[in-house]
There are 2 protein chains.
Amino acid sequence: MRVLGVDPGLTRCGVGVVDGVAGRPLTMIAVGVVRTPADAELGHRLVAIEQGIEEWLDTHRPEVVAVERVFSQHNVSTVMGTAQASAVAMLCAARRGIPVALHTPSEVKAAVTGSGRADKAQVGAMVTRLLRLAEPPRPADAADALALAICHIWRAPAQNRLQQAVALHASKGRTR
Amino acid sequence: MRVLGVDPGLTRCGVGVVDGVAGRPLTMIAVGVVRTPADAELGHRLVAIEQGIEEWLDTHRPEVVAVERVFSQHNVSTVMGTAQASAVAMLCAARRGIPVALHTPSEVKAAVTGSGRADKAQVGAMVTRLLRLAEPPRPADAADALALAICHIWRAPAQNRLQQAVALHASKGRTR
């Protein structure tokens, strides 16, 4: 499974592509950041993010796009821009028929470090280890994007089993 | 000046087109709502909003798109969806080179009713009067979209004068 992880943001949108299946060593394919100038108009920044995400989708052809689920509770000053950048990433994927998966920051931290309350350094260290990199990806948004992709690869089997169980239960209900 | 007003929302995105200049009677060209099903996946809802906004831009060719400025402070339960829908509207406009203007809810209310704290009924009543309609547009999101367009037509001359003054001041600074 090839997953593009997106850590959404207007100024820096982290993007990382990971190949792998649960239980096997993972492979980093690419990592980077889509940047937009803070002094540009909001509409133009969203267009720049769209162009950046489109390039990543064209180049790496992911099967799934995993985006951080944005909450309105935390970090009020930047949350609107984060929500808007995430909307563009989801739009680009859905327009191509690529499934979009959302994972919360604590799900991502728990997946790669074992603790939903791990700090950025810990996430960066585990991403480095799990992908067998020489050093932590910089900036932190890039590492977070890779962590999102890893989180999705590891959580997907459980999510699929759950969906299959729900579907089975629903079909049994219909034939009863 | 032809303005498309957008009152962003995932379930109902109000859209309204108004022709006019400050100080002259205004003309409503069209009003409506772009709807997406609440049980659809978020990515698919954003694609549906994009298609709806694109149709309105194709049909009515506005010179400006006026979008409600979303704040994270109020209405926490729906604000993320509102931010995401507004991102799609801004993206569609900016991609075509159409200027995007943001107005706060209180700016819009103050423009059409004289009070930044007017309720929805008051806004609907004034939109009906200013556009000489037989009855208030329904749902309220559609009326709010028209109010946004009216607000922009009336505020634009002042905003342009301010921008010209700033530009003039900057150019004087350079030649000093």
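Positions of Cβ are set from backbone N, Cα and C atoms, glycine also.
Please treat TrEMBL annotations as automatic predictions, because they have not gone through curation.
Taken from TrEMBL, the feature active site covers A:Asp7 (among others). The secondary structure of A:Asp7 (active site), as reduced to three states from DSSP, is extended strand. Taking a C-beta cut-off of under 8 angstroms and a sequence separation of 6 or more, A:Asp7 (active site) has the following same-chain neighbours: A:Cys13, A:Gly14, A:Val15, A:Glu68, A:Asp141, A:Ala142, A:Asp144, A:Ala145, A:Leu148.
Residue density at A:Glu68 (active site): 26 other Cβ atoms are found within 10 A of its Cβ, drawing on all protein chains shown. What TrEMBL records for A:Glu68 (among others) is active site.
The active site feature in TrEMBL is assigned to A:Asp141 (among others).
Counting every protein chain shown, the number of other Cβ atoms lying within 10 Å of the Cβ of A:Asp141 (active site) is 24. If you look up TrEMBL, you'll see A:Asp7, A:Asp141 marked as Mg(2+) 1 binding site.
Residues annotated as Mg(2+) 2 binding site in TrEMBL: A:Glu68.
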Worksheet item: How would DSSP class A:Asp141 (active site) in three states?
Response: helix
